[in-house]
Amino acid sequence: MCQTKDDRLHLPTSTLVVGAVFFMIAALAVVATACDPNWRSLEQTLSTGRKLMQAFSLRKNVLTLFSLSRSPDDIESVHGVRAVSALLLLLAHKSMALFFNPYMNRTVMAEDLGRSWTSFARGACIHTDPFIMISGLLTSYSFYKELEHKKRLAVPREYLSRLMRLVPNLVALILFCTFILPWIGTGPLWNQVVRHHSDICKTTWWRNLLFIHNYFGFETMCLTHTHHLGIDTQLFALSPFFVYIVWRWPQIGLSVLTGVAAISTALRYSVTYSKHLSHYVVFGSSIRQLFQTADFSYTLPAHRATVYVMGIALGVGLRYCGRDFRLKKMHLTLGWTAAMVCFYMSIISPAHMASRHYIYNTTEAANFAAFVPITWCLFTAWIIFVSYIGHGGLLGRILSWHGFLVTTRLSYALYLIQFPILFYMVGKNRATYTYNVLLLVDVPEMVIITVGSILLTLLFDLPFQNIRNILLKKPN
């Protein structure tokens with residue numbers, strides 16, 4: 001934990017090289033922006049090289065980021081569901097970061113956070129389940145359409161497209177957190193929450209780029225919050241098989257999806273029960289128990305496959321039913337009743353486990369791990385389905401607001417950048433706080449996260465999406 005005043009006066013060569021790379025990316029964006037007005041008038045005759053350079057134009061990418069136009073084939077409510085889930089996840093992550101800070105009234109803090117209202121953060125793992133389900137939904141929704149039109153899938157192209165979508169942002173984040181971030185601050189906890197993770201990334205970064213880092217445990221994982229990328233990429237690799245068999249042999253395909261979901265659910269239950277894990281952070285949970293929960297269940301695609309195949313089934317269902325599908329009033333009533341029961345079982349029913357008087361129970365922990373992801377995603381899937389067919393009501397109209405298109409385009413960068421910023425703030429803190437629940441909503445910190453997400457999106461995410469579209473342009 002030792003630091004000296006002269007540490008930051010002698011930057012290593014690696015930091016200077018990475019800094020130069022980021023500077024060149026920014027300079028390229030400035031040059032492309034300056035040339036963009038001339039290139040737009042010649043867009044049809046531009047060479048591939050100039051098109052690739054134009055991909056970095058800030059003007060072009062700002063217009064794309066804040067565009068409110070949507071495709072006629074869009075699933076509108078997905079953007080709102082993603083935005084709400086992202087906000088809940090951000091607040092849950094912020095609550096984790098708060099525990100690193102010193103408080104003058106820590107006993108008051110412990111008592112206050114031992115109440116049922118903290119269930120949203122203690123069960124934070126369920127906020128990632130809608131993202132996995134939506135990934136399966138959008139994948140099957142796209143693949144099913146392609147199978148209907150072309151009777152086949154260009155699987156290698158889809159895999160390459162996926163990598164070109166994910167890798168540039170991830171590389172930028174790893175480089176920044178490994179070689180730049182450790183040198184732009186100091187503080188009592190700096191080595192623990194910033195430099196320690198930088199040192200891990202220097203030796204294990206390659207696992208992240210192969211998307212296998214979720215198999216090596218939280219304690220030796222570079223950028224632990226990116227485990228979701230590994231899970232999602234591995235499940236995506238299986239998605240062409242799942243979607244194809246559902247399209248080609250519907251009954252067999254749906255039986256396979258049901259079997260995969262059942263096996264995945266059984267794995268979560270049995271492992272949680274046998275190893276005394278806890279996907280819900282009960283009062284007094286040890287760090288060791290939480291790490292074991294992550295290592296033996298939470299970060300493994302076999303344990304998260306249930307909600308992914310639910311998403312695949314939902315995507316196929318939306319294609320099969322179409323937007324003109326209508327439900328009778330009785331069916332809508334039954335559906336909303338079932339959805340509210342699922343909401344109760346996901347959020348309200350487990351709330352008693354947030355109490356500081358609660359004693360860990362293996363059966364309850366196993367039930368939460370096995371069934372709450374299903375009930376929470378059933379609730380979410382119902383909202384998406386009824387909104388898609390025009391029966392979503394006020395909730396459906398709110399979730400389908402055009403402004404959520406912007407949050408969708410920022411969501412990947414927001415997901416990547418929030419943890420480094422949260423722990424940057426923890427690492428440089430030199431003060432003792434008085435705990436107040438309003439510390440969860442740190443406006444300056446939220447602004448920094450938002451600005452950082454916009455910069456990452458404009459300089460890396462959208463430019464490389466443009467490059468992907470140029471190089472992998474689909475034939476007519």
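From the backbone N, Cα and C atoms, a Cβ is placed for every residue, glycine too.
Tertiary neighbourhood of the transmembrane segment (16-35): same-chain residues 53-59, 172, 175-176, 178-180, 458-460, 463, selected by CB-CB distance under 8 Å and a gap of 6+ residues from either end. Residues or ranges marked as transmembrane segment by TrEMBL: 16-35 (among others).
Residues or ranges marked as domain 'Acyltransferase 3' by TrEMBL: 76-460.
Distant neighbours of the transmembrane segment (80-100): 118, 120-121, 124, 127-128, 130-131, 134, 189, 192-193, 225, 380, 383-384, 398-401, 404, 407-408, 411, 414-415, 418-419, 422-423, 425-426, 439-442, 445, 449; these residues of the same chain sit at least 6 beyond its ends, with a Cβ under 8 Å from one of its Cβ atoms. Marked as transmembrane segment by TrEMBL: 80-100 (among others).
Below 8 angstroms of C-beta separation, residues 8, 11-12, 14-15, 17-19, 21-22, 194-195, 197-198, 201-202, 205, 208-209, 211, 222-223, 226, 229, 233, 412-413, 416-417, 420, 424, 427-428, 456, 459-461, 463-465, 468 of the same chain, each at least six residues beyond the ends of the transmembrane segment (165-185), sit close to that stretch. Summarising the annotation, TrEMBL assigns transmembrane segment to 165-185 (among others).
Among the features that TrEMBL reports, transmembrane segment is placed at 254-271 (among others).
Annotated transmembrane segment per TrEMBL: 305-322 (among others), in sequence order.
Marked as transmembrane segment by TrEMBL: 334-353 (among others).
The transmembrane segment annotation in TrEMBL covers 365-389 (among others).
The transmembrane segment feature in TrEMBL is assigned to 401-426 (among others).
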Predicted model, mean pLDDT over the domain 'Acyltransferase 3' (76-460): 94
Beyond the flanks of the transmembrane segment (401-426) by at least 6 residues, Cβ under 8 Å: 64-68, 70, 78-80, 82-83, 86, 89-90, 93-94, 97, 100-101, 166, 169-170, 173, 176-177, 181, 185, 189, 193-194, 197, 223-226, 228, 442, 445, 448-450, 452-454, 456-457, 460-462
Leading contact stretch, 305-322, 334-353, 365-389 vs the transmembrane segment (254-271) - CB distance under 8 Å: 305-322
